[in-house]
Each structure stands twice: as C-alpha cells, then as structure tokens.
Amino acid sequence: MPTEMINESVKDITYDAIKIGLASPEKIREWSRGEVRKPETINYRTLKPEKDGLFCEKIFGPNKDWECHCGKYKKIRYKGVVCDRCGVEVTKASVRRERMGHIELAAPVSHIWYFKGIPSRMGLILDLSPRTLEKVLYFASYIVLDKGTTDLQYKQVLNEKEFREAYDKYGDRFRVGMGAEAIMELLEAIDLEKESKDLKRGLKESTGQKRARIIKRLEVVEAFRESGNKPEWMIMTVVPVIPPDLRPMVQLDGGRFATSDMNDLYRRIINRNNRLKRLLELGAPDIIVRNEKRMLQEAVDALIDNGRRGRPVTGPGNRPLKSLSDMLKGKQGRFRQNLLGKRVDYSGRSVIVVGPELKIYQCGLPKEMAIELFKPFVMKELVAKGTAHNIKSAKKMVERLQPEVWDILEEVIREHPVMLNRAPTLHRLGIQAFEPVLVEGKAIKLHPLVCTAFNADFDGDQMAVHLPLSVEAQAECRFLLLSPNNLLKPSDGGPVAVPSQDMVLGIYYLTLQKPGDIGEGKYFKSVNEAILAYENGVISLHAMIKVRRTGLNAEGVEESRTIESTVGRFIFNEIISQDLGFVDRSKPENFLALEIDFHTGKKQLKKILEKCINTRGATQTAETLDAIKSLGYKYSTRAAMTVSISDMTVPEAKKDIIERAEKQVEDIAKNHRRGLMTEEERYKAVIETWKEADDEITKELLSGLDKYNNIFMMADSGARGSDKQIKQLAGMRGLMADTSGKTIELPIKANFREGLDVLEYFISAHGARKGLSDTALRTADSGYLTRRLVDVSQDLIIREVDCGEGTDEIPGMEIKAFMDGKEVIEGLEDRIIGRYACETIYDDNGELIVKKNHIITPKRAARIVASKAFEDPNATIKIRTVLSCKSHIGVCAKCYGANMATGEAVQVGEAVGIIAAQSIGEPGTQLTMRTFHTGGVAGDDITQGLPRVEELFEARKPKGLAIIAEFGGTVTIKDTKKKREVIVTRTSNDTLESKAYLIPYGSRIKVMDEQVIEAGDELTEGSVNPHDILKIKGVRAVQDYMIQEVQRVYRLQGVEINDKHIEVIVRQMLKKVRVENNGDAEFLPGTMVDILEYNDVNESLAAKGLEQAEGKQVMLGITKASLATNSFLSAASFQETTKVLTEAAIKGKIDPLIGLKENVIIGKLIPAGTGMKHYRNVKLDTDQNQEITFSEDEFDNGNYEGNFSGNDFKQNFYENEDFNSDEEVSFTEDEYFEDEENDLSTENFDDLKFSEEEE
C-alpha cells in the first residue's frame, strides 16, 4: 500500500496585507544566488549556458530537471546534491523562474524612478531642483560636499569653470563630488528627525509658493521617516538580475536565437561595469572614468525605465527595447495581461446557433468539445467502472473515442453545469451557467431567450465555455449562475429574458381579435373542443367565441361560466398561471375570467413576466417562459407573415402636405430677403416647417394603414422596427444630418417605396456612414468608462447588515421626484422602491404603510405615492441611501436596500460597487455620441449622451458652463452695447453686498430683472460646474445634482437605471477631505484624507480637548479617485503604474487587500460573495445521532426556515406584504442575518426538532 506523499515545499500561506518598500543593497544580495560577472548568455556550439553569465546554471539552477551542467549527476535520486565539478544544484528546472542573481556595480548609480519621477523625490529631499540634480548625476557639474574653511555653500553646484576658479582660489580646503556617489553621500548625511522638525517650524512661518514647497518636502521626509526606508537606498550599488526564465532565449528554426530585450539591457550594464572596473584598476584619467560612469548610469536607467530620460535604447529596426517598467505598464503589462486576467484550462470556444428546442436552463454542447472538457471525469469513471484498468489505458480509450466512452460522457455530464460567456462581458449577465446537452456538429446551441442578456445573435457570434471543477464551483453555478436565477436585470430590476422578434410576433398574432372572422359567436363546451374546431378549420384563431369553463369558486363549490374570448387567447391562457393580478379575482363574476384577455405585444409580455417573477418565483417563470417561447414560434410559423412592396401604401395626402410645406419655406425665404428675420431664425423656421410636414405625413400614413397589415403588425407588436422605419418606407425620409451633426435644411421628400433621386441618395449617405463610425467610437469609449467605474467602486461590498445599529438616529436623506420643468425625469415611486424608510409612514386614514427602518416594497411604494400627502410634485420622503451610510469599509445592507437582481434585501457579501459600475457602463454603448447642435452659429453646444456622463463622473468643468450666483439676493440686469452684466445684491448685517457677473456673448440669461434668487441658482443657461455647487451649496446639493444629471442623460435615451447605482459611484467620488489646517492632528496641510478617518481623528481630538483639523470636502473625478485608493496594487494595475509604485515604495505602503482587484492579483479568493471571511470560516460540528423531524404540514408547505434561493424568498417577500414586521414571520431580518455570522456549532442545532406541539 503506497503511503501518501506530503509535499513539504507547498506551505499554506495566509496573509492579510502586502507591504512594498525600497530594497536596500543588503536585501538585493540576500535575494541573489550569485553574481553575474560576464555578459555571455549561452555557448553557441553546445547551446549550454556560460558559467557566470546571464543564464548561468550555477546561479539560477539547472536547465533540465534533476540534471547538473556537466552531467555527473542525473536522475531524481540525487535531488538536492550540489555537483562538485560544476557547482550546480540538482533540482527542478522550474527554479529558474524564481532564483535571482545580482551585479555588483563599480560605481553607485541613481534609480531613475526616484530622480526623474514627478515630483523628483530625490530633488525634494535634498532641496535641489531636478535640473541641477541631473547635471550632478550625469557628470556635468560638481556639488560641494564639504565647504571646509571657504565661503562656498554646502550643496552648492559648480560647473567646470566655477570649480576651476574655486580650486585656484582655495586649493584643497574644500571637497566636491559628482555623480551618484556624491548624491549618495549627501543622502546619507540627512538627519530625517531634524529635517522634519525644521520643516514643520518653517511651515508655520511661511506662506504662498514657499509654503507649498515646504509641504511637498515635508511629505517626502515624513514618508522616509515613517516607512523605515533610508534615503540612500534611492542610489543603487547592486543591481538585481531577474530569473532567466522570465527573460528567455529561444532557438528559432534557422539556428538563430530570439531573446528578450531584458538580456540586451543587462548585457550593456555588465559590459560597461566590467570596463569601468578595468579602468579603475589601471588608474585611468578622471575624464575617461567619468565618461564610463555616466554610461553605466545610462545603462541602468535604460534597464529600469527605457526612454524616461533622453533617447531610448533601440534594438534592431529602431524599436525601443522593453525595460522593466514596460513589463508592468499598460494592457500588455504584467498586471493587466497576466495577473488580472489569465487564460484558463478546461475551456473552449465555438460558434453559436439557436436552440429553440432547449429548456431555458440548457445549452447544447458539441460532443467533441464535451469529451475534451470532461476528459478527467470520464477517465475517472472508466477506471471506477472497471472498463479500463488504469488511468493510462483510460486516457487512450478517450483519445481513440471508443464507443463506451460516449455512454460514460452522458453520465458524467448530467447535473454538471457549464458556464457560457460572450465577449464583451459588459455586465454580470454576460456569464451564465447551463446544463449541457450533447449535440452533433461543432456549434454550441444557445437558448433564444438568453440572447438579450448576452447581447448575442446568430450571425457568426462565438461564445466561450468554461467548466467549473470543484464541488463548490458547481454548487455556485447551480444556485447562483444558472440562467433561471438570472431573469432580472441588476440595473433596474426589470425582466431580462423577455421574448423578442419571432416569439413576440407569434403571441401577437395568437392574441389578435378580428371582428367578423369565421365562426364568430359559436359556443363550445370546453377549450379543447374549441381548439379541435380551430385545427379542423371550422373557426379562425381570431374569432370571438364562447367557451364554458368550470372551476372551484371562493367557497370551494364547483361552478361553470361561459367566457367570451378568441381561441388564440384561450390557447395562450393555458400556459399562463391565472393569478397574476391582471383580473380582480375578489369579484365573484371574475373568478373564471381569462387572466390575459387583451392583445399582447412585447410591452405586455414584459408586464406578464414581471408579475410572474414577483408572484410565482424563478422555477415557475422559467417554465412559463419556455411555454411562451414554443407557442410564439409555433404561431409565428402559422401566421407566415411576409413583407411585400404592396404592404407599403403611400398616403394620398402626401403630395398636398409637401406642396404646402414648400410654399411655407418660400415665404420664409422671402421674409429673410426682406430682412424681417435673421439667418438663424430662417434656418430654424425652415427646419421646423419640414419637421411638422414630416410628422403630419407619418400621422396620415399610420392612421391609413390597415390594422392587419403585416408591416404594421411587426412594428406594433414590438417584434422589429418602429414608426420611424414605416415612415421611411412609405412616408418621407425627412431631414438628415450632415457629418458635423448639423441638420441639412433640404429634406428627403421621397420614401423607399418611391425611390430616391441622386441628390437625396447622396445626402442620406452621410447619415449611414456617420452611424457606423459613431458606433465604433462609442464602443471603445463606453468600455473605457466602464473600466474606470469598476476601478473606482470595486472595493464597495456589503460588509454589515446595519451601520446605524445601536444608535437612535437612522442616517438617511430627504428625496423627491426629479423634475425638468414640468416634465418628470424620474418619479418618486421609482426612487423609493426597494429602499428602507427612515420614519414610519401612514396613509391618509392613518393606517400603517411601512414601519421605520423597514423596506418599501413595490406595493407599499404604490400606496405611499397614492396618498394625498404626495400629490405635490415637491413632496419629500426620508429614506436610507448609500450616500449617508456610516460604514467604514463598504456599505451596509440597510442603506443599500433591495438587490435589484432578486428584489429582496441585499445579502452581506454582494459586490454592489461592481454591479453599479456595470449597470452604468453597460448601456453606455446605447447612448448617443452626438453633440447636438442647437443649430446656427451662436448657439452653444450642450454635451449630451456618453460624453456628458463621462464629464460628470470625471467631475470636469463642463462645456457650455452656466454662471451661478455665489450668494442669494436680488438681481439687476445691465444690458449695454459693450457688455451684459447680471448684478446680485444682498443685505447682510445692514451692509449692502453686490457682485457683478459678466455674461459672455451668446449665453442666454435665465433670470429676470428684480428677481429674488438663492445661492447656487443659475444665472445663464448651460451645465453647472459640480465643484461650484459643492463650494456654494454643500455636499447634499452636489450629490443630488450628480444623480439628477446622470439620470437625465440615461432616461432621455429610454434607459432605466436605479438611483442606487449612481449613488454608489458618487459616494466614492466624495470620499476625500482636503486638510487646510491640521490643528493637533497628524495630517499634513494640503493632503487628502479619507472623510471617515478625518471625522474619527477629529472626534478623538475633541474628546481630548485638543485643536481639531479643518478641511473641505472635495470631489474627485473617477480616475483620480481610483488612483487615490488605499490599495497600491489596485491603483498600479489601473493607470500610471510607475508613478503609483514609486510613491508607494517611498511611503512603505501597506495594501490591506480589502478590494477585489488586489486579491485577484495575488491569487486569493475575492472577499465578496461566497469568498467572504464569514462565509468561509464556518465550522459545522455535526452530531450523528441527531435527527431533524418536520411535522407534516410544515413539510408540505415547504416553509422550513433556512436560507432558500433568492426567488422563493422573493415570492414570500411579495406575497407577504408585512414581511419584516415581527407578527407574521417567525424571524425578523436582523435575526436572520445574525444567525449567519455565528459559528454554526451544535448548540444552534439543538432546538431544530420541530414537533406537532409547537405548531
């Protein structure tokens, strides 16, 4: 019996943080396995590494597993032996990926990151300007190291001529140096404690530029003082050599070698270093040595960051060589290419085809792909069943595809879900799990209803398949990722698996009613009889007939009714559950009425599904969806709708309407010639005229179309096309925009039915081309925006249930409906659904609607909005929001409210930050890029669409800036020939205070003379700078403004996003405070600190009676906010990698590994969802003898307490309105959550015996 081998080398390391710092020369020597002395790489004849060279086996380890360089020791039995002939340790070749070497430099060199970065850290700590420093480092100037008895200054910089003069004057009484040696000596001499005290004293006395410089210097000095890094470590005396397998050399076909750029860079350093050593031994003249030292400095610079200073070192074909910094930077760098995204095994990709016969939780997997993916599972089964004797023969069987393999594959595949992913994965619905069904051919079959979520179509799209291996991964796929669990959009909670195109058309045709059709008015004894009559052509699908239905009424007595409807609707109702709430079942006459007795298009289907998910839960909805899909396809086939040219009837009135419009345009032109209107007014009037004509024709056309016209039915059902397309086919094409987006005043009067003439065709070509190029640009912009949003919000996770636990006051905000003038952008109801109320709310009769700190469900929200108090559009209601959450890391479940994707209270561990970023970024592609021109010259551009969203989130000064009043008061408008001014006057403490605002040419004034305004009101039209709002009106106002503006852009495009997603991002943008006066706090003035940390420090200072720090809250754009995060790993992998790492190393930063990115980078489970600590460290002490007994009714009703899957939970949540008041359910939400956090040990299980008595 073989004993189990335990691999000693693999230790289970758990760590909670990562620290970065400067490496001291001692540390570099400690990492190293030996010094690289020669520039040689490998011997060109034997192809073996040269000794002491860049690939030396003695330093880095053997080239082949368990084999030394000279071949004396081969085979694993010599493991760990060091060969006495060649000095190579016998071990695995993979150590060549981890063992480092070093180069001892003959002269110190500076590290370019610290000398050249902005700001230059070396320059700040020495108080030298970067230019001066460069002259010293690169041997152009001398620096005084010791002034002796002369009147030179310490650290004074002398050029060649000044040095000569000083030398002639003072002789040897002073000492100068140049190059990195001199700088190193200066750095060693710095006393950080003394420097810090001096600077702090200087800070109190100085102002302006000088003060700013001192703050910058103090920051660097404090960083060195606190981190334990020594300033002289910025100068290198030893260069580390990275492992050879990370800079490989491979032989090409022609016997030539391809090598990594790193090797060239190292070779130059070694060559120059060896030459310098020789020159020093020979005692060469100073000027030659100096030149060699400068070249060595440049060689090391090129290795660390090629091209940062001077011309980059180039390889063959003038291509700059890739340095260590380039290895980390950008999309191809180490961070984004290898750490944040890796290629994985057990995956494949193929073209997708439609699989209408599949259930919604299935996908078709090609046999060849399945056998490859499930290979190890199949092999294990073969051995277990005894079909194969050992793994080797099992592998052969699988590779030869023997017949018995297929049967086993069928078994293995059962109940083992796979994940499908379509790139680009814009939101979490882009990856879903399905149960595989084996199919012939090589294409993956996809269920048509999940296409919307993947944004997939079948014109050649490809999808990737991934196989979850571990039991946990399979369980997560089944319970979280399986497509029936993803029926709702996380962005707005609407259904995502809505039937489209053919299915919609089929259902529309099925529920159509045509008066006077064959068999109208006939009676049938049952639905089946009616269907039989239809199948035999006695009645039509759309004829109104009467059918007898029988059922149990409210008293439980059987009762029959005659119901009038169409056969189609009877058929449709067979598959729809009859309690969705479309019919009021409390009325006795309705109890047998059809649930869906109306014409059903896409909009209606969406409503049906919404109600179905809310009342029946996921499993039932999935079945209904599949039934709708089958019916839809069946009847769209039966309908056999076609489109022919005769379907497009051009309205009679078209000719007259166009003639009228032409006459009107002629009149406008006449007025313009007579000087009665300006060019801009004329242009606007012409466009307006044609728009009206166009609308009129469209109206005529649509009213003239037959209700049963095929094209009309397609558009009306929502299957494909819209009024716009019908208008172009049979009305007029209308006005077109030119390439700049300005509307061409000459419309296209023809339609496609009549055909366009050459000029019209040419004009319309503009639009077609612009459409395509816009889409391409939009996709890239939208992707980049999503990336920034994810980066700024990725560490926001639900960390606790309630941040206000134990306090009386519930943090929250007053909110009201968003209005744009009279138009509602977002109603109050939309804004309060799924939030927690801060106060108890009653209706008009004083009946309780929702208790304090309980959730507002859709039904409750409807009741709140219906009550009299909320008829006023400005009525407010106080709810909990993410913006007022007091959690220190992440946010709490109650402030977030309901999870949109399940409609229930959000669970601890949900990565709400990433969901928010995806919800905002995913519709980004639909937003128009176009900057709308208000026409004409002077009209200013107001940015809209994607650029506007970007402008808001980056907190930029907007284009078309509105001027706002800094304080409230009375307005007077002065309008003279030269200038227009708005003067705001206010009286404070009996003194008149006024401020004049100059109005630029072309801006429209928004206020009236003598109007009384408030601080922060707009004086001119345009967008407001959010920073101004923050300054004048404060944080609350700017939060509201941001949410409202982002919502405006999305809602105008018809995209619905829940407020809470925008709130999450805005919370991240407003996290920092700029310290203005540090008081007795440790902060440096002018630095940014986290607002929660700032408040905590101030609270503790106040408690001690010390002076508090003063600061102003600042708003950072999302890019800046991402870089200002506590995690240097996350920031470095985002942008400006070298800058982030330079700063982090000097400060000796510690990454607490709180967010998701940093954990992905180091390869730990992410701290969200099931990877959270309190879900991972659960111990189950099971007592074998204990049984859990259910009483029978409980078991049948299935209301056992426990964490059931989202949708069952949701079903209870909706049916049972008072879900979270204690009377109805045996646990409140808090208890429900408390349980999860406990260590589930036996004492919790003791009372799990349910018995009859308790009932």
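Glycine residues also receive a Cβ, built from the backbone N, Cα and C atoms like all the rest.
Feature annotations, reproduced from Swiss-Prot:
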type	residues	note
BINDING	Cys68, Cys70, Cys83, Cys86	Zn(2+) 1 binding site
BINDING	Asp457, Asp459, Asp461	Mg(2+) binding site
BINDING	Cys803, Cys885, Cys892, Cys895	Zn(2+) 2 binding site
COMPBIAS	1220-1240	compositional bias 'Acidic residues'
COMPBIAS	1246-1255	compositional bias 'Basic and acidic residues'
REGION	1220-1255	region 'Disordered'
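Features recorded in Swiss-Prot, as mapped to the structure shown.
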residue	record	contacts (Cβ under 8 Å, 6+ apart)
Cys68	Zn(2+) 1 binding site	Glu57, Pro62, Lys74, Cys83, Arg85, Cys86, Val88, Glu89, Val90
Cys70	Zn(2+) 1 binding site	Cys83, Arg85, Cys86, Val88
Asp457	Mg(2+) binding site	Cys451
Asp459	Mg(2+) binding site	none
Asp461	Mg(2+) binding site	Val351, Ile352, Arg422
Cys803	Zn(2+) 2 binding site	Pro811, Cys885, Lys886, Ser887, Val891, Cys892, Lys894, Cys895
Centre the Cβ atoms of Cys803, Cys885, Cys892, Cys895, go out 8 Å, and tell me which other residues of that chain have a Cβ in range of the Zn(2+) 2 site.
Glu800, Asp802, Gly804, Pro811, Arg880, Val882, Ser884, Lys886, Ser887, Val891, Ala893, Lys894, Tyr896
Other residues, Cβ within 8 Å of Asp457, Asp459, Asp461 Cβ centroid (Mg(2+) site):
Ile352, Ala456, Phe458, Gly460
Which entry in the list of binding-site residues, Cys892, Cys895, has its Cβ near the fewest other Cβ atoms, using 10 Å as the limit?
Cys892
Cys83 (Zn(2+) 1 binding site) has how many other Cβ neighbours within 10 Å of its own Cβ?
20
DSSP three-state assignment for Cys895 (Zn(2+) 2 binding site):
helix
Among the binding-site residues Cys86, Cys885, point out the residue whose Cβ has the most other Cβ atoms within 10 Å, with all shown protein chains included in the count.
Cys885
